[in-house]
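Below is one structure, written out as structure tokens, with a few remarks after it.
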Amino acid sequence: MATNYIFVTGGVVSSLGKGIAAASLASILEARGLNVTIMKLDPYINVDPGTMSPTQHGEVFVTQDGAETDLDLGHYERFIRSKMSKANNFTSGKIYSEVLRKERRGDYLGATIQVIPHITNEIKERVIEGGKGRDVVIVEVGGTVGDIESLPFLEALRQLAVDVGREKTLFMHLTLVPYIPTAGEVKTKPTQHSVKELLSIGIQPDVLICRSDRAIPSNERKKIALFCNVPERAVISLKDVDSIYRIPELLKSQGLDTFVCDRFRLDCPEADLSEWEQVLYRQANPTGEVTIGMVGKYVELPDAYKSVNEALKHAGLTNRLTVNIKYIDSQDIETKGVELLHGLDAILVPGGFGYRGVEGKIRTAQYARENKIPYLGICLGMQIALIEYARNVAGLTQANSSEFDKDCPQPVVGLITEWQDESGNVETRSDESDLGGTMRLGAQQCHLIEGTKAREVYGAETIVERHRHRYEVNNTLLPQIEAAGLKVSGLSADRKLVEIIEIPNHPWFIAAQFHPEFTSTPRDGHPLFAGFVKAAKDYQDSHKA
């Protein structure tokens, strides 16, 4: 079967939820038995989001093969079974870098390099390559129609529609239909102007997804269809909902998947969304609730921890609990004290970089350890737990990470200078290495030690989890820390790197160097988060007055 392409654009304003809409449509098509993947094209000049500020861009989502990508790829993986890869996300920076590399190499035989055709051809090649072997590829273009940055991408997709044939392509445009309280009605003019903007660059949308805080009335949908040159059945009302996992059914109920299949002449069975119905049932019928404190450095923007937030909610679904997340700035722990941690059922310290707020995180780990509160540390959250234990239990009072103090006399955490990737290839790094794209990234095998809490939680001897770090436990000082009671419960495949630590005489204190949040989904959850949330409920029950 030839590959079919759905191109998703956004208009009027940003943050309308193109990624959620694209992922929801993909989940319906997948439920109809189609082989679907989703790509994200980002117009910014950064090569990838790996070195971008989390408070500006949100989290960096890491794929199985180690790509540092946009957080929308996390949405994609949470909605469909297909895993993302390096081919599923690329930026203007990556495209321009590749074109310039080819020019320096002489690939263009002395031609004058221009946006058209060289940049647009590179974009088209990557879209086609990323969609090979798929029935449907959904391609989301970041930004808003009218932005100068996205013009090369839109032009490339316009050309691609001509190249592969309009019968194999569909343009889906998300737009805002605002409700004006003083007028008591929704207004379609912004949508009309957004479509006009698309038409000016040669793109006629085939489907309009109309975002609003309420359902769009039938007469307004007819008006949009008339003025925007689309069939009325292709004007989809997408109102605000209490759960993003309700959107697949909302789109299906309006026949979007049927419209797509008719357009591409795909003969496939009706979508079975019973798994999503189960997710929504568990979400709507909890048997209790827990409050988990997330102590981080980027809490002013919750999207900086998007996958962690979602993984906690998924664990709530697994345990039939509502998970309330209390965000606490680790710097506030330094200035206001651990009183901010009172009343929590569990504590989670997520990943991060740099020294700011680290001492607050260390005090948080100490508070959780001493008060027997369930603790989950992720990446930096593991490293600070190790530092705390080394200082306050193992007698290494000057323990620190060389990331925070290069002259530290007791560096219990240091730069990884050499490791093996999943394929057995040796990677090396030094202090002089670039920051971008040089970390230990992607899926790595982890061996779990028998008799440990981690082994019990996972129920397996070997697991595969995704990493994103350049510092690790210093094995030279590890024996002294282990002698004081800390347990290493997970090691890398070559047994050289510490992956998980835990405290045996604590009800639930586990910290991992990897990022388990990247593989959690609403339908399946994740064993580590599920165990953590269950421990939070057990702690709550044992401390009831």
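In case you wondered, yes, glycine gets a Cβ from its N, Cα and C as well.
The following features are taken from Swiss-Prot:
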REGION    1-266  region 'Amidoligase domain'
BINDING   SER14, ASP147, ILE148, GLU149, LYS187, THR188, LYS189, PRO190, THR191, GLN192, LYS223  CTP binding site
BINDING   SER14, LYS187, THR188, LYS189, PRO190, THR191, GLN192, LYS223  UTP binding site
BINDING   SER15, LEU16, GLY17, LYS18, GLY19, ILE20, ASP72, LYS239, ASP240, VAL241  ATP binding site
BINDING   ASP72, GLU140  Mg(2+) binding site
DOMAIN    291-542  domain 'Glutamine amidotransferase type-1'
BINDING   GLY352, LEU380, GLY381, MET382, GLN383, GLU403, ARG470  L-glutamine binding site
ACT_SITE  CYS379  active site, nucleophile
ACT_SITE  HIS515  active site
ACT_SITE  GLU517  active site
- Query: Once the DSSP letters are reduced so that anything not helix or strand counts as coil, what is LYS189 (CTP binding site)?
  - Reply: helix
- Item | Where the record names SER14, ASP147, ILE148, GLU149, LYS187, THR188, LYS189, PRO190, THR191, GLN192, LYS223 as binding CTP, the maximum Cα to Cα distance in Å | 31
- Task: May I ask which of the binding-site residues ASP72, GLY381, MET382, GLN383, GLU403 is closest to THR191 (CTP binding site) if we compare their C-alpha atoms?
- Result: ASP72
- Task: Have a look at the binding-site residues ILE148, THR188, GLN383 and say which one has the shortest Cα distance to GLY17 (ATP binding site).
- Result: THR188
- Item | Per-region confidence, the region 'Amidoligase domain' (1-266) (mean pLDDT, whole number) | 94
- Minimal Cβ count within 10 Å, across the binding-site residues SER14, THR188, GLN192, points to SER14
- Item | Assigned element (helix, strand, coil) containing GLU140 (Mg(2+) binding site), judged by DSSP | strand
- Around ILE148 (CTP binding site), how many other C-beta atoms are within 10 angstroms of its C-beta? 8
- Item | Spatially closest candidate among GLY19, ASP72, LYS189, PRO190, LEU380, the listed binding-site residues, to HIS515 (active site) (Cα to Cα) | LEU380
- With MET382 (L-glutamine binding site) as the reference Cα, tell me which of the binding-site residues SER15, GLU140, LYS189 is the closest one. SER15
- Largest inter-residue Cα distance among GLY352, LEU380, GLY381, MET382, GLN383, GLU403, ARG470 [record-listed L-glutamine binders, Å]: 14
- Item | Largest tally of Cβ atoms lying within 10 Å of a Cβ, found at which of the binding-site residues GLU140, ASP240 | GLU140
- From recorded positions SER15, GLU140, GLN192, LYS223, CYS379, the one whose Cα lies nearest GLU517 (active site): CYS379
